[in-house]
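The structure under discussion appears below in the form of structure tokens.
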């Protein structure tokens, strides 16, 4: 148990130490200030603007900014869909992989354009190097940049006074990719290659096993095919951009994607680095660092509590394991805990931490099988996604989602004291409240409607590997992952079917773009308003009371929306295990 506590403390410490300077750096990028990379990258930036005829002086209204986001995303979706369909005719396909089905192409295109990276396939057997590089990796960069750009627009809405424009989308996305995502990805890629993660264009290699394996049917296996490819470059941005889609089917549990404890540390820190840094960017750029720290603390408290619950439940295992003597918490030499579905080289503490990080952020990469966790250990990752991916969340979208909850919190506080609510010096009026509700409720709507329909269809029910409460949890987790733009899975049922591909694709689109449009509408409304001077009745939004209120509002909406569904799934399974 002490190992658990020490690892948790180390991960959080490293994150904060790296995130604070990165947050300041990102703040400079948002404002167009010079940074240490400016001499190298400014000529590249200006060349891109010139080549694409981008007007650097244009300041977009929220409607034009929204139109640009949607137009860019639609074009990205169409291009990625066509790459999947025609990959058999495209270069860099040494394994001669044919094109995917239209429904899988639609699902995967939506998945990567929305920064979800839900995968109903194994990358090493279904996709060519070209599709992985020019399709998925490109979207890993730009979908992350879209989320950060929308956050930039929202911050400008609060800091600008009596204006109409919230920034230039084309400049925001260009600067985000060029100055933030590419430099960080180069560093992480090189670190991963140093640990043995593959980065090449070779054909898959067939190697002889050290020891033959005899299968159940008597077949003796003496060789194994080792998948290769440009993995390190994709893995770096899949973590940094909170994308999560694995180069291999088993994601970061695969020894080629994540071979060592050190590579695991690099990938895990990369996972939450930018979402944590953006909290400090927020405080810096609104010129009140206390606001960013308050949101960071609120998110951090929920993250640490979730880490503790998952870690303890996995270390304690199930009642059945305790009866068999597999778990003994009374001695310093921990006997095991629930190691099912976990890599022996990582163990319970590291696997539990990753499960917390990946579902707190809208990442979805895994280094263990969440379906094999204990009922409560598996419920907490599900709940983190159901809260709206606001416990740090995805790059950009996590913070603007939490700001939506902050608006709800100050509105509730305003009702209690009979004052017009204010946030960051701007009045919160009916329009902002409507948009904030839209931002906060889009995820529950997408999850509950999708999982409800899927759970009553014979096609889905008949494909479940597990019946009862756990089978329902597998379906609920799938649509929770889609609605939370996460991408991880319990698996356990046939996911690559036309209905699942289309329904999950629609859930991902709804949960991505409805909150995004609501956020931009809030930015467009706020940017026109004047600042209101603080008074005795103004609710401070940087103290302990507000942090507690914000956590309460997030948990209240999550609990009210999902408790009935969780009661039918993981909670019911927990009580079944108690016997």
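Each residue, glycine too, has its Cβ placed from N, Cα and C.
Same-chain neighbours of the transmembrane segment (2-22): 268-269, 272-274, 276-277, 279-280, 300, 304, 307-308, 311-312, 315, 332, 334, 348-350, 352-353, 357, counting only residues six or more beyond its ends whose CB sits under 8 Å from a CB of the stretch. Residues or ranges marked as transmembrane segment in Swiss-Prot (evidence: sequence analysis): 2-22 (among others).
According to Swiss-Prot, the feature transmembrane segment maps to 66-86 (among others). Outside the transmembrane segment (66-86), and at least 6 residues removed from its termini, the chain residues within Cβ reach (under 8 Å) are 60, 99-100, 102, 104-106, 108-110, 112-114, 127, 130-131, 134-136, 139, 142-143, 146, 149-150, 169-170, 173, 513, 516-517, 520-521.
The transmembrane segment annotation in Swiss-Prot covers 135-155 (among others).
Residues or ranges marked as transmembrane segment in Swiss-Prot: 177-197 (among others).
Residues or ranges marked as transmembrane segment in Swiss-Prot: 262-282 (among others). Beyond the ends of the transmembrane segment (262-282), by six or more residues, the same chain brings 11, 14-16, 18-20, 22-24, 26-27, 30, 144, 148, 151, 155, 180, 184, 188, 191-192, 195-197, 235-236, 239-242, 252, 289, 291-293, 295-296, 299, 346, 350, 353-354, 357-358, 360-361, 363, 365, 367, 392-396, 398-399 to within a C-beta distance below 8 angstroms of the stretch.
What Swiss-Prot lists as transmembrane segment is 292-312 (among others), and the listing cites sequence analysis.
Cβ atoms under 8 Å from those of the transmembrane segment (391-411) belong to residues 115, 144, 146-152, 154, 240-242, 272, 274-276, 278-279, 282, 295, 298-299, 302-303, 306, 360-363, 384, 421-423, 428, 432-433, 435-437, 439-440, 485, 512, 515-516, 518-519, 522, 539, 541, 546, 549-550, 552-554, 557 of the same chain, restricted to positions at least 6 beyond its ends. The transmembrane segment feature in Swiss-Prot is assigned to 391-411 (among others); the stated evidence is sequence analysis.
According to Swiss-Prot, the transmembrane segment annotation covers 437-457 (among others). Under 8 Å from some Cβ of the transmembrane segment (437-457) lie the Cβ atoms of residues 386, 388-389, 400-401, 404-405, 408, 472, 475-476, 478-480, 482-484, 499-500, 503-504, 506-507, 510-511, 514-515, 518-519, 522, 557, 561-562, 565, all in the same chain and six or more residues away from its ends.
Annotation source Swiss-Prot lists transmembrane segment at 490-510 (among others), citing sequence analysis.
The transmembrane segment annotation in Swiss-Prot covers 546-566 (among others).
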Within-chain partners of the transmembrane segment (546-566) [C-beta distance under 8 Å, separation at least 6 from its ends]: 294-295, 297-298, 301-302, 379, 382-383, 386-388, 390, 402, 405-406, 408-409, 412-413, 440-441, 444, 447-448, 451, 476, 539-540
